[in-house]
Amino acid sequence: MKPVKVGICGLGTVGSGTFNVLKRNAEEIARRAGRGIEVAQIAQRRPNPHCDTGSTPITADVLAVADNPEIDVVVELIGGYTLARELVLRAIANGKHVVTANKALIAVHGNEIFARAREQGVIVAFEASVAGGIPVIKALREGLAANRINWVAGIINGTGNFILSEMREKGRTFPDVLAEAQALGYAEADPTFDVEGIDAAHKLTILASIAFGIPLQFDKAYTEGITRLTTADVGYAEALGYRIKHLGVARSTAQGIELRVHPTLIPADRLIANVNGVMNAVMVNGDAVGSTLFYGAGAGREPTASAVVADLVDVVRAMTSDPENRVPHLAFQPDALSDHPVLPIESCESAYYLRIQAKDHPGVLAQVASILSARGINIESIMQKEAEEHDGLVPMILITHRVTERHMVEAITALEALDDVIGDVVRIRVEHLN
Ligand code: HSE
């Protein structure tokens, strides 16, 4: 049978990895797919020294690949929203299947892209968009299809996890580690996407839609980054038996879906609390299976290429099948998506870590406890340190039981209004993941 012809758009970190893996493992890939997969065209702005493209035809115009009648599958690896959207929609309009690693594109324009793909009877595959090389989309969409998913929680930004790990383990500075992540090709073109949680929110949006059968709703995700974390809080968390991780949490509740990305204390003995460096991990809790954990490299040249090439194999296997009988893009049949709302952060529930800087006066602890109890907030543990030499203030660290964010915000406002409490109360959410 003739090989399937693929056009790779973008020969950066992931594009070069995809080309190299397709070439190196060509024979095994053909045995799995049932046909060879041949890169018939590449769109690139400049050569990539990590990749010997040989005699493969090259163009500088990505849209030429979408218009090339020879090409069966367009692999979109240029990133961004604008040109990538135009490229993908053009490829679909021309009847081509698409493989993409672009989480921003899928999270923001996925509903439109999937609708067009259905009209044209083509596949849009996007495994590499979430958690790099971990096949978590396939696991959620197919392997866990029996379950009502209760929650998904993941470390889904490799750069952020790399930064937090290096800072905690080696005491390195934030800019120093970020520069290394950029040099290694982990970081987004705009690294604020990594450190402010936007990249993780893109990925969480995709996971939540596949887990709960809801349309993609990136604009409703709550996003908080890692830039304000201090080494003091990392240390106090450790002393209380927790690790701070930048977590994406999607939880199904009777009222709606929680969709939130933020720094989170996790008990230090949980496997996911020990996921370090650029590694990602996603926990999925289903009513039948219980908790599962998927672990692997969340970014990088060949780990991400592994997911892109697996999607290509899937597309080749499914391209001759009847479109109605393929696995739906968002796991649930398109006419069976639910309108269960995404909850605003004020209605989300979690436990909290609070750090209060208080004057060393009698009765302060009683006032704090009274404010919390008046709002039904139960204290799980409390640690009070000695007064600090430079300002005489006493750090008071509390872990609470679960409470709705709205009540916690009210309590923090009341705490900050106390005469004996100085400065802002530090608040970090806590998830026990059990
Ligand atoms: N910037 C992303 C990360 C790349 O660090 O996880 C993979 O999506």
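Glycine residues also receive a Cβ, built from the backbone N, Cα and C atoms like all the rest.
What you are looking at is a predicted structure, and each value in this text was computed from that prediction instead of being measured.
Residues or ranges marked as NADP(+) binding site in TrEMBL: C9, G10, L11, G12, T13, V14, G15, S16. The number of other CB atoms found within 10 A of the CB of T13 (NADP(+) binding site), across every protein chain shown, is 21.
The feature NADPH binding site is assigned by TrEMBL to K103. Within 10 Å of the C-beta atom of K103 (NADPH binding site) sit 28 other C-beta atoms, taking all shown protein chains into account.
Residue environment of E188 (L-homoserine binding site) contains 21 other Cβ atoms, counted within 10 Å of its Cβ in all protein chains. Under the heading L-homoserine binding site, TrEMBL lists E188.
Under the heading active site, proton donor, TrEMBL lists K203. K203 (active site, proton donor) falls within a helix when secondary structure is assigned with DSSP.
The domain 'ACT' annotation in TrEMBL covers 353-430. Over the domain 'ACT' (353-430), the average per-residue pLDDT in this prediction is 95.
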Neighbour tally for G12 (NADP(+) binding site), based on other Cβ positions within 10 Å of its Cβ: 19
Inter-residue C-alpha distance, L11 (NADP(+) binding site) and K103 (NADPH binding site) (nearest angstrom): 17
DSSP residue counts for the domain 'ACT' (353-430), split into helix, strand and coil: 23 helix, 27 strand, 28 coil
Residue from K103, E188, K203 whose C-alpha is spatially nearest that of S16 (NADP(+) binding site), among the recorded positions: E188
